[in-house]
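Asks: The structure that follows is given in the form of structure tokens.
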Amino acid sequence: MKRPWYTWTVVCLVCALMAWTCITYFYHLVVPLYLEGELISALATLLALLTAIVAISYSYNLCIKTDPGNIPSSWALKEGHTSNNISSESLNRRHQRQFIETDRNGAVRICRKCRVYKPDRSHHCSKCNKCVLKMDHHCIWFNNCIGFHNYKYFMIFLLYTLVSLTVYLLTIGRRALDAFLTKPTDPKFNAFGVNLFVNYLFMMMIELGVLIFLLYHIKLILFGTTTLESLEKSDKLNMQYDGNPYDLGYYGNWIAVFGKKSSYWFLPVSSVIGDGTHFHTLNE
Ligand SMILES: [Zn+2]
Ligand SMILES: [Zn+2]
């Protein structure tokens, strides 16, 4: 579904912030190092800047463009079917699998807006106006839902941003401090210095936010859960499961999101296991 133009405002703001920081880094570190005759340092910082631009913009674009997970057409609600007249047993037989989540009455979960049976862990997003497989949350920073197919990209984006901002804060820190300590009466005081100091403060706050967010999601992954699942009550789960049925242990939970190939874990390539409609449990 095409999203209205105004929902892209935050994405434009993020792009503007990235551009501002890249220009600040270039003019306040790369250029001065070159002018000071530190050619190797200037080249190294330029390389770090270009790497960060490619890594962050590529993973950001993946989060925005990747469909988080549409419900397959085979899950469309048949004519006349409601959750009351189709048992979870018959749906289990039809899809040859055991469903874990039911509604409060123990019936199959359906979405009346999308006219589909809802696979386990899927939810309807009111912003995207569709059901999303293994929905984690709707994110205004990407103007997209974070779900089964783009959750790993989301984590990679947070990781790349954290690493890039750490390099930024460490390498330009001394110059930002000099700019801060320059008094308005000093002849060296100018708008460029103020720009550096303000940008540095901004990036410090963003670094802290990204770090907290990344740690929170690492915890969710290790416990085999999602943002929505950690917030909602578990009364829609079958009573046969005690606790979180999707918890496969730290390693099992990790590879369910990042895949078995460790060389792919930190690369912006899809390596998630499964199709998003069925999830392994320890009982299987
Ligand atoms: Zn729906
Ligand atoms: Zn959404």
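Glycine too: its Cβ is placed from the backbone N, Cα and C atoms.
Heads up, TrEMBL stuff is auto-annotated, nobody curated it.
Below are the features listed in TrEMBL for this protein:
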- 5-27: transmembrane segment (TRANSMEM)
- 39-60: transmembrane segment (TRANSMEM)
- 109-233: domain 'Palmitoyltransferase DHHC' (DOMAIN)
- 153-172: transmembrane segment (TRANSMEM)
- 192-216: transmembrane segment (TRANSMEM)
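Just tell me what is around each of these and how deep it sits.
Replies: Packing against the transmembrane segment (39-60) from elsewhere in the chain are residues 14, 18, 22, 25-26, 29-31, 33, 142, 153, 156-157, 160-161, 164, 167-168, 171, 268: each is 6 or more residues past its ends and has a CB under 8 Å from a CB in it.
Using a Cβ-Cβ cut-off under 8 Å and counting only residues 6 or more beyond its ends in the same chain, the transmembrane segment (153-172) has close neighbours at 21, 24-25, 28-29, 45, 48, 52, 55-56, 59-60, 62-63, 66, 136, 139, 142, 146, 196, 200, 203-204, 206-207, 210-211, 213-214, 217-218, 221, 257-258, 266-268.
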Asks: What else in the chain is close to the transmembrane segment (5-27), if you only count residues 6 or more beyond its ends and a Cβ gap under 8 Å?
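Replies: For the transmembrane segment (5-27), the nonlocal Cβ contacts are 45-46, 49, 52-53, 56-57, 60, 64, 127, 140-143, 168, 172, 192, 195-196, 199, 202-203, 206.
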Asks: Within the domain 'Palmitoyltransferase DHHC' (109-233), count helix residues (DSSP H, G, I), strand residues (E, B) and coil residues, in that order.
Replies: 68 helix, 16 strand, 41 coil
